[in-house]
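Taken straight from TrEMBL:
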| type | residues | note |
| --- | --- | --- |
| DOMAIN | 1-119 | domain 'Thioredoxin' |
| REGION | 217-246 | region 'Disordered' |
| COMPBIAS | 217-229 | compositional bias 'Acidic residues' |
| COMPBIAS | 231-241 | compositional bias 'Basic and acidic residues' |
| BINDING | LYS439, PHE486, ARG514, THR520, ARG534, ASN544 | ATP binding site |
| ACT_SITE | HIS547 | active site, pros-phosphohistidine intermediate |
Amino acid sequence: MAGKKREIQLQVIVNSQSLWDEMLQNKGLTVIDVYQAWCGPCKAMQTLFRKLKNELNEDELLHFVVAEADNIVTLQPFRDKCEPVFLFSVNGKIIAQINGANAPLVNQKIINLVNEERKIAAGEMVRPQFPYFFPLDQLYIIAIIKPDAVISRKSQEIRQNIIKAGFVIEIEEKRALTERQVRDFYYRIADQPDFEDFVLFMTGGLSHVLVLSQGTEEEPALEETEPNPETEAKGIYEDHSPGVTTPMMKKRDSLQEYLERQHVSQFCDIEENITDVNHFIDMFFPDFKSMKNLKLEKILALLRPALFQEKKEDVLKIIEDEGFKILMQRQIVLSEEEAQTLCKEYENEDYFEKLIEKMTSGPSLALVLVRDHGLQHWKEVIGPGSVEKAKEYLPESLCVRFAMEDLPINQLYGSDSLEAARREIQYFFPPQNTLALLKPHVTQEQREEILELIRKAGFEITQMKGILLNEEEAEKIYSKITGKDFYQDVLEVLSEGPSLVLVLTKWNAVSDWRRLMGPTDPDEAKLLSPDSIRAKFGRSILKNAVHGASNTYEAMESINRIFQEFVPENPEGN
């Protein structure tokens, strides 16, 4: 047991991005054994490290760390590698890398760097200026398109410029930035006199956050420019020892420079520093690795009337067991035209007329499903369109399991392609917009919790702005109660500070938002709808945290008054 204890003391365990960032605060040299969770640290090197620790006797200058690549965003390039990797950090800056358990090479590298640190501390030499070193096969950039560009729909133009510049959008999301996120991302300008106003601006609307990677060599580069000696790469710190990688980045215009030439840089802020980028990826997209590796696909699925009536719960259980998430579902009685469209593959069969009759005889259940590689997996789960083919090629499929005697067809339907899925989902679940209001008494922390509840409920926050609702502005939202006795009390509550006004978008948005808000009286909400927003955050009938439009007409009237520049992406849906 004593030996195990010494190992832990020798090498600090780093298994999260926050611990990695903390480790980078070390003074002197830190030797990092980068390992995969499935194989663990390189035990063969621990004897050497203990020997060096004892011989050099530099507790303040020499540190040893084991870092799990799987859980640290910064170490993404090292994931799924079976060869040991050792990184060398001096005062928080990675300056070199050695691949493989090359004990003599690692030994000499540590001795040389410790001796340098001793000379620097004694004033015998000046610290070398090492350009930033890091494996360059997976470098990312963070881009934040600001609220004024999002609200004016300029974000799509900027997004297209980024793609045209040869960058790949790895992941993106429109979101309301928290105060902490704004202060973290813009820490370099925190000492500017108008920084607090800037924080209010950035937290008062939707931003578009993107993680970008540079395209491959085959992808179009940025605009060609004349070589500039002052901006050419100065060269990476060179270590001529074998086994030490010293990559060089190919000269390429920065995204910032490109956006400046497109005259849109004032709407979009870029972060390219690798240390900061990895921290911000972890802050904005903590599940980035799993999200990036997934190919999430949305499809339309449909249970025909007979199956829906007889085996609905069995089918829904199978859908869940197969790893699908049900995003939306609704019962629908198909028209003859809709049935013919969905059953087009059977139109030349003798039973087609009977099939259409069955399809229009009662409600079907339409679902929007999402899963990694969802389209192909759903096809494999349900099987082909006819029972005969399913028995021959996929006897375990749902087509065989839930076959009905009166019709020789698959009782389940699935989108044939991703393009068809997009059209079908748009048709059966047309997006709808509604107006939502977070009242002034809601704290910043509560506001963030409510926004997270909204996202989890499947809403897209299409627009957002912070606004002080004076009498003129309040009337744009509360026009139907301006003559009520309690309206002055409402105005008094709204005048206490800025409110947050949002446009929420999803199918059935008006009803779903009212359901998520809960009853008007928070006390009643706690009894009847304890998971609702008003039950959790409401104080009284007037200070009940949130407000929402009562119907689609009222929603669009209020949206058009508050967001004059708002253009719904699906006007027919309202």
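Even glycines carry a Cβ here, placed using N, Cα and C.
Averaged over the domain 'Thioredoxin' (1-119), the predicted model reaches a pLDDT of 83.
Neighbour density at the Cβ, taken as the number of other Cβ atoms within 10 Å, is lowest among the recorded positions LYS439, ARG514, ARG534, HIS547 for ARG514. A straight line from the CA of ARG534 (ATP binding site) to the CA of HIS547 (active site, pros-phosphohistidine intermediate) spans 10 Å. Secondary structure by DSSP for the domain 'Thioredoxin' (1-119): 56 helix, 31 strand, 32 coil. Site extent for ATP: among the recorded binding residues LYS439, PHE486, ARG514, THR520, ARG534, ASN544, the largest C-alpha separation is 21 Å. For THR520 (ATP binding site), the number of other Cβ atoms no farther than 10 Å from its own Cβ, over all displayed protein chains, is 13. The Cβ of PHE486 (ATP binding site) lies under 8 Å from the Cβ of LEU542, each of these being in the same chain and 6 or more residues away along the sequence. Note: the CA-CA distance between HIS547 (active site, pros-phosphohistidine intermediate) and THR520 (ATP binding site) rounds to 9 Å.
The Cβ of ASN544 (ATP binding site) lies under 8 Å from the Cβ of LYS439, THR520, ASP521, PRO522, ALA525, ARG534, GLY538, each of these being in the same chain and 6 or more residues away along the sequence.
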